[in-house]
Amino acid sequence: MKAIVFAYHDIGCVGLKALVEAGYDIQAVFTHTDSPNENRFFSSVARVAADLDLPVFAPEDVNHPLWIERIQQLQPDIIFSFYYRNMLCDDILSSAPRGGFNLHGSLLPKYRGRAPINWVLVNGETETGVTLHQMVKKADAGPIVGQHKVMISGSDTALTLHTKMRDAANELLRDLLPKMKNASLPLEPQKESEASCFGRRTADDGAIDWQKSALAINNLVRAVTEPYPGAFSYLGQRKLIIWRSQPLDVVHSKLAGTVLSTSPLVVACGDGALEIITGQGEEGLYVQGSRLAQEMGIVTGIRLGNKPSQKLKRRTRVLILGVNGFIGNHLTERLLRDNRYEVYGLDIGSDAICRFLDNPNFHFVEGDISIHSEWIEYHIKKCDVILPLVAIATPIEYTRNPLRVFELDFEENLKIVRDCVKYNKRIVFPSTSEVYGMCDDKEFDEDSSRLIVGPINKQRWIYSVSKQLLDRVIWAYGAKENLKFTLFRPFNWMGPRLDNLDAARIGSSRAITQLILNLVEGSPIKLVDGGEQKRCFTDIHDGIEALFRIIENRDGACDGQIINIGNPTNEASIRELAEMLLRCFEKHELRHNFPPFAGFKDIESSAYYGKGYQDVEYRTPSIRNARRILDWQPEIALEQTVMETLDFFLRGVVLEQNVLEQNVLEQNVLEQNVIEQSKTSKDEHHV
């Protein structure tokens, strides 16, 4: 059986050797180049492949069309991934008739994602394991071929647990690979209700919070000790790294972080105390705890903690134009929750952001970007990150008001881009999935997909080309004027506060809002061209988390990047979306407040949108850039998003009805009182 292998790390070496022993015909091995900045404690897949006389490659982007073509030419029967760091695209996985299989370092569905060995130790788990599963679009979510359990002892560290996992992987693969070669093994679907997902860890995650229990801190030490950078704390400006420790069940009345003794070196925790067995200063030697106390001048009663700031760090100032919009108000909530940001916002309304108006880190002005140009320029100069979120982004307006779309979406935003260039400010610009137009790629890739639009007489493309031209202008300013920028492309973000029902009444809203209005009013749900168009819907909370990471921009990783933000696993036709919405509506607790369902009605696009409209059959994002740059993966299922969106609008309608009824009741009472008073006055006058 012909196999292609994607492998890295010790586990990759184990997998490669197991495949050879099982008699697989390995056509090629793909791995990663060894980074000089990485403390490499594991074996080299490239060396093992060379020793086995296997062709080995280490492309920067294995999902590039050139590499996809080369892989397809090899015509593999099956694909294996052993600790390879990148997701493989559908084109690669579909090139193997038997599919692709990945070895993951946990007992799936628990601990999907990055660094599972470190995370299980941080969280104090007593067991983990390895899982061989089929690869699907969603990371680590495919059906399971087999698992091997590994017990975690209280003395295990990341290194000792890694050794156990390597041995478990070897046993699992030696058992399964020969069977898979001869026949297809049964697959067990993962239980989504039991799934958990964890992101990457960095050296900064080793910072000790002494308020936590001694057990939790000791777990952190075990998880990041050698060969990792280690758990650390500070004595003033000096860094102290803890390599080995043990929790002590002692009762004390000291503040967390206080040194209780120096021989042994014991530090008070939020619950119990931690004995530092070995450690070192940042520039010192690896020594015993008591020796470390001597070398660093640690005395009983002194406190360890975070590194004191040289100066109080100013909050990052973020300017959001269109702050009251769907993305703007949700992003504001996320930024303010983090407490490292100060938000300045402008919009023509404030109904969605009234909940932030009392926050001292939120500053709002009601205004129009086409009028308040001086205010905007001043705040671009004042702020650090600029997000111009103002745009007309509803399809019916592209044909109904094409010139207004161009004036607002292109001309007004171009002024903002130029001010960012003028004052050397970073711009995070909302491109759109619409720029891909009628692209015929299976997945729309930021760096390689063609941007294809229709003829001039199809005016619906004015939005797409306005955004595309701004993308190109921003890119050119980056190349020629060193403008710092990131372009993000949302793919059908959806959730509470998306448009409003009043906008839906005049047809100026996105699909789900229009569908909800039909249900609320008891009118037929109109399915344009039968609702067969497919879209990949993304929960607003998933989307905002990705956008937050773009604004955060760790190590400048997002500078000069274009990033799709969408959920390829949440693909559904508009008809399927409507049917799902109807099911949620019928079982909602407020259903009795609304009329009976009036059915579906198919309608031609020209009758709904007018002449000049042209639709797209599908729009599926590649999210490799988002995974690689942001360490981001969408998690929220479509049905959950639909339920939350529906619930938001239904409760709003019922509340509005109750307020209206209360107002009518109060008015009736008032009128009745006036009548009674008038009658009393007449009676008194008569007397």
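Along the chain as shown, the residues are counted starting at 1.
From the backbone N, Cα and C atoms, a Cβ is placed for every residue, glycine too.
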Among D347, D351, D358, D384 - the residue Swiss-Prot places in the same NAD(+) site as D368, I369: D347
For K138 ((6R)-10-formyltetrahydrofolate binding site), the number of other Cβ atoms found within 10 Å of its own Cβ: 20
Overall pLDDT for the region 'Formyltransferase ArnAFT' (1-304), taken as the rounded mean: 93
Pairwise Cα distance for V136 ((6R)-10-formyltetrahydrofolate binding site)/N102 (site 'Transition state stabilizer') [Å, integer]: 10
Assigned conformation of V136 ((6R)-10-formyltetrahydrofolate binding site) - DSSP reduced to three states: coil
Nearest recorded site to N102 (site 'Transition state stabilizer') by CA-CA distance, among binding-site residues A139, E532, R535: A139
Maximum Cα-Cα separation (Å), residues D347, D368, I369 listed as binding NAD(+): 8
